[in-house]
Ligand SMILES: CC(=O)SCCNC(=O)CCNC(=O)[C@H](O)C(C)(C)COP(=O)(O)OP(=O)(O)OC[C@H]1O[C@@H](n2cnc3c(N)ncnc32)[C@H](O)[C@@H]1OP(=O)(O)O
């Protein structure tokens, strides 16, 4: 790509790196600085337009204004030697990269938040494609960014770019994503685990049931034994959430029951003495009578008693 100004003066090196400050590499003293900056802007805008046209995009994804607004990095390759080089020089192509926060799926379909370096735009002039210039640009970028091809995410790659990555870097196994980015096998390997490691498992005897301090991080998993896990209107699904006050009361209740002799009239006695108030609930399964009243004692055992002869087993469970 040729321009009506001296490309070598604007770009300096064969591969020039440009960031959001848009500083031209070439220097001809302060008097020319403004000109060089304007020429660099023109050069970036024209490259962006050519790339968009080559990819069939409705608008350029690369422009001087967009460069200033983002923390992207441009690698611009210019002609340095050969028969094509004119007096003013020419631009061969460019590669744009930048870090982006992305949610990416791994092979198991697990979502990971990551901020990889992304390939955002890549273009080599039509007359110079398949001459190794793309590889030269890409290699320069990998070296400068100190990264490996499998660590990159690629923003909506074209068929040509997919062929390029396959040929030069063996990137063929894409991990399917729900966004427009493409990552390849090896992207997640040896990355630090995204979530904090779970607390170390405690030895069995260190875990004290119903001990509030010991049980803190297991709160969501633990539930009291049947029938205390039966919330009103529920039949045995686990109790979630605020177990703490409920379990404290149960602990007190069990301690008191263990100390005191068995009460003569268990249902009434337990109702009177021990908070929380108890209610009579239907059992999960209807039983044919033994025509006696069965109740649950403080140790969780069923005890037979006299009194009226209910048709169904009756159990006492705490009210909510
Ligand atoms: C995130 C994005 O930027 S997506 C958009 C990527 N850009 C484009 O599609 C714009 C048009 N294409 C181009 O500008 C260039 O082809 C680039 C940038 C993709 C590659 O640059 P090149 O200088 O051609 O690459 P280089 O010469 O180093 O490597 C050539 C290899 O790239 C691939 N390739 C390049 N051009 C083509 C093509 N027309 N058809 C198929 N594969 C191609 C092939 O694997 C090719 O190897 P081969 O010739 O043995 O088949």
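Placement of Cβ uses the backbone N, Cα and C atoms for every residue, glycine included.
Per TrEMBL, the feature domain 'N-acetyltransferase' maps to 1-188.
Residues or ranges marked as site 'Crucial for catalytic activity' in TrEMBL: 55. Around the Cβ of residue 55 (site 'Crucial for catalytic activity'), the same chain contributes 123, 158, each under 8 angstroms and 6 or more positions distant in sequence. In the three-state DSSP classification, residue 55 (site 'Crucial for catalytic activity') falls within a helix.
Sequence annotations record features per position, and here TrEMBL assigns acetyl-CoA binding site to 122-135, 158-167. Look at residue 122 (acetyl-CoA binding site): DSSP puts it in a strand. Its own atom aside, the Cβ of residue 122 (acetyl-CoA binding site) has 26 Cβ atoms within 10 angstroms in the protein chains shown.
Under the heading region 'Disordered', TrEMBL lists 257-312.
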Judged by the number of other CB atoms within 10 angstroms, which among 125, 131 is the least packed of the binding-site residues?
131
For each of 128, 165, count the other CB atoms within 10 A of its CB; which of these binding-site residues has the top count?
165
Recorded positions close to ligand 1 - of 55, 122, 165, only those whose C-beta is under 6 Å away:
55, 122
I'd like to know which of the binding-site residues 134, 159, 162 has the most other Cβ atoms within 10 Å of its Cβ.
134
DSSP state at residue 131 (acetyl-CoA binding site), helix/strand/coil:
coil
